[in-house]
Amino acid sequence: MVGRKRRSEFSSGLVLKEARKTLTEPAPFADETSCQCRAPHEKLTVAQARLGTPVDRPVRVYADGIFDLFHAGHARALMQAKNLFPNGYLIVGVCSDDLTHKYKGFTVMNEDERYEALRHCRYVDEVVRDAPWTLTPEFLEKHKIDFVAHDDIPYSSAGSEDVYKHIKEAGMFVPTQRTEGISTSDIITRIVRDYDVYARRNLQRGYTAKELNVSFINEKKYRLQNQVDKMKEKVKNVEEKSKHFVYKVEEKSHDLIQKWEEKSREFIGNFLELFGPDGTWKQMFQERSGRMLQALSPRQSPTGSPTRELCTSRSPSPTFQWPFNNKTTPPSSPKAASASISSMSEGDEDEK
């Protein structure tokens with residue numbers, strides 16, 4: 001019992017160590033490593049594998065494919081295969097170019113590029129190069145494969161209605177779910193559909209017409225279209241900038257009008273407060289006018305005052321009389337007047 005527990009701990013630690021390596025290093029190739037199962041490889045059922053990790057080894061799951069233009073659909077399928085069992089070890093087989101071109105068709109990526117794409121997927125623990133198109137008992141025994149993971153749709157190829165039929169009959173097949181909306185064929189269809197766009201883009205990036213297998217006429221057409229697109233982009237940028245400028249001007253003019261209205265209201269209010277019907281200026285004018293009228297008009301004493309009675313009791317003031325009596329007639333000319341005045345002055349001196 002103790003020995004089995006130690007073997008279990010050793011196996012779990014070994015799997016964790018391998019899992020950490022796949023996160024920091026590319027997954028190893030199968031021909032560069034050996035199966036690390038130390039106990040005899042006993043056949044497991046799906047129910048047994050799902051109950052928990054075997055005491056002496058991980059569950060070895062195999063998934064194969066072409067994996068051309070490696071995409072999210074491939075990665076999701078491998079993620080499902082990796083997580084089918086609590087302690088899974090995922091081995092991925094990648095078919096070679098010769099085998100793929102023979103049974104399926106031409107690929108965009110060559111076999112070395114496809115191998116490396118799989119090695120750098122986080123769910124892959126081991127990669128088998130030049131994997132067989134149809135799995136044989138010898139291949140399954142060599143790699144000590146417990147289960148094969150693939151989608152459940154029958155895969156007819158190489159003269160067979162379903163290349164996984166014998167795996168399913170042996171109870172070693174575990175289905176995964178396909179990711180709808182994405183596949184290698186869909187990606188290639190997009191490229192073919194928008195071929196002109198991608199050809200123009202690559203010409204603009206420096207590729208030659210010969211590298212793109214583009215004729216001389218198409219090359220000139222694509223370059224002309226690129227120039228037209230550049231001009232359209234410039235016009236679009238100018239329009240956007242002018243719209244932005246007009247918007248700024250409108251915003252500033254709105255602010256200026258608003259401020260002008262506020263200042264106008266303030267000015268009108270101050271003007272009415274100063275010059276209005278009841279304004280400060282009118283009150284000041286009335287006060288000053290009253291003061292001026294009060295200063296200019298003589299002050300009258302009351303009628304019954306002692307001063308008035310005193311003035312009335314006094315003798316009347318002497319009246320002015322001409323310096324000649326009533327019998328004397330006024331002088332007829334200035335010379336006569338001056339002669340009479342001089343005679344009067346002489347008479348006064350004689351009296352003295």
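Every residue number used here counts from 1 along the chain in the order it is shown.
The backbone N, Cα and C atoms fix where each Cβ goes, and this holds for glycine too.
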Worksheet item: For the record in TrEMBL, which of the ranges 18-45, 214-241, 242-269 is the coiled coil one?
Response: 214-241
Discussion item. Just to be sure I understand, if DSSP states are collapsed into helix, strand and coil, how many residues of the domain 'Cytidyltransferase-like' (62-190) fall in each?
Written reply: 45 helix, 26 strand, 58 coil
